Amino acid sequence: MSDANALKDQGNKAFAAKDWDKAIDLFSQAIAIDAKNHVLWSNRSAAKAGKKDWAGALADAEECVKVNPSWAKGYARKGAALHGSRRYDEAITTYEAGLKLEDSPALRKGLQEVKDAKAASEGGDESSPFGNLFSDPNILGKLASNPRTAKHLSDPAFVQKIQLLQRNPRLASDALQDPRMIEVLGALMGVDMSATTREEGSNDLPEGFKERPASPPAASSSSSKPTPAPAAPPAEQPEDVDPEEAQAKKDAAAAKQAGAEAYKKRDFDEAIKQFGLAWDAWPKDITYLTNLAAAHFEKGDYDKAIETCDKAVEEGRGMRADYKLVAKAYGRAGTAYQRKGDFENAVKFFNKSLTEHRTSDILNKLKEVEKAKAEADRKAYIDPERSAAAREEGNTKFKAGDFAGAVKDYTESIKRDPADPRGYNNRAAAYMKLAALPEALKDTEEAIKVDPKFVKAYIRKSNVLLGMRENTKALEAIQQATDHDSDGQHAKEIQQQEFKIQQALYEQRGSESQEETLARAMRDPEVANIMTDPVMQQILQQAQSDPNALQDHLKNPTVRTKIQKLINAGIIRTR
């Protein structure tokens, strides 16, 4: 997915440069790699909206909502596309649906704009020939990108006037009394409105050309004064920089640097102080807050780190900060919750981070914490008393012939106390009654794994293998039961089981020739390995010529185990 993220970042750069076609192409390539990433559909929808391809923007926004119905920003994209298509009622419904998921300033603003646009369209704009120009939802973006009008947006009162005209375009005619609105109209219509200003008597010139001022006439008398030529419009000057603002940014940067140096030295108290000063000096960059949260985290104050991250998200939403910075704040809060052992909230905040921006680091942390949460939940569920109660309920159902119900109760018993082999062994018995022999075999092996000295599990395993006609393995299992039954408590049950196995082996081998027995036994991988072992081949050849030599070899435990395996398989026959 790293390739998709790289393409997304390139697409974002093209989007910022208003290169819509390139942005759309890059987002499309990213979608081809990771079609389940809702952010990619959202970004391509925004790029198509920038190109005024409202139908395409709507299709991508709908796909974004389909991929992640819980992401409020997807509804904002869809609402904007419907607004651009002048489908006002549907846009209103969409924005309201998004607000049910998250009380987002962007959704509230979009909802108000579409309501104003709807009211304007219903009221009609006959009173103003320019009304339709002000109904464009992207009007402020157009004015900001035009050098003639961008300077006016620094005046909050002027911006409010533009927003008022957006809500009620019929007021456009009255607003033209402000000379700045002439330049606004020019920017919206794509013409130079200053070229339409003419002195009386001037000749008509093509739009966009300015008449050169006429030379002043000669003076008729010494008292007459020449008419001065009209002054050229003043050249546009860069906006003045607020000295206080510049100093605040400088102070914040210096504090941030000091905080970073203290952080590297692990002087976290100093780092916290400096990052706090940076935010106080310039509270328009949430990076200072995420750095502050990191210092609290390293100090071990996880609650303070979480509180600071929450503030970073809240402030970031208000100032429409980069989604990557918001994602970092969510991710840092998730890590703090993880360190606290609050895995539920850690999962929640890691998912929020991934909703804003997907990174491999957060994905790996999410997988890690989900695994830890599952293990913690499993351990929290353990209760030996309830395990015993569930096992008794299973025993009752087993005796009543309700084997499926018994399996359910034994499973609950295992979950409540996975360290008790009786739950596995009892469930194996129920599985045998249901003819689910492979499942029964797994349970007997798990019971032996939990308690290698649990004799009943070996006996049950032998019964299962006998039912599967694995007679040789059944004999090995019952021999293991004998080895572990040190006090002889289960001697009678073991003897009866061994007798059944020997009968089954006799019936199986009664009509077999030596060659047929060997062929059957060699189908067992363990037997095949023993028979192809050069050392064992030498021992077997020696035993044929000197049977007493075999007794000496049996003193070696490894050799004895292998010889017993061959005896059980019928390759070595004893009297």
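Cβ atoms here come from the backbone N, Cα and C positions, even for glycine.
Here the structure is a predicted model, which means the values were calculated and not measured.
These features come from TrEMBL:
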COMPBIAS  197-213  compositional bias 'Basic and acidic residues'
COMPBIAS  217-226  compositional bias 'Low complexity'
COMPBIAS  227-236  compositional bias 'Pro residues'
DOMAIN    136-175  domain 'STI1'
DOMAIN    524-563  domain 'STI1'
REGION    197-255  region 'Disordered'
REPEAT    4-37  repeat 'TPR'
REPEAT    327-360  repeat 'TPR'
REPEAT    387-420  repeat 'TPR'
REPEAT    421-454  repeat 'TPR'
(request) Can you tell me which of 4-37, 387-420, 421-454 gets the most C-beta pairs within less than 8 Å of the repeat 'TPR' (327-360)? (result) 4-37
(request) Give residue numbers and ranges for long-range contacts of the repeat 'TPR' (421-454): same chain, 6 or more residues beyond its ends, CB-CB under 8 A. (result) 387, 391, 394-395, 398, 403-404, 406-407, 410-411, 413-414, 460-461, 463-465, 467-468, 484
(message) I'd like to know the mean pLDDT over the repeat 'TPR' (4-37).
(response) 89
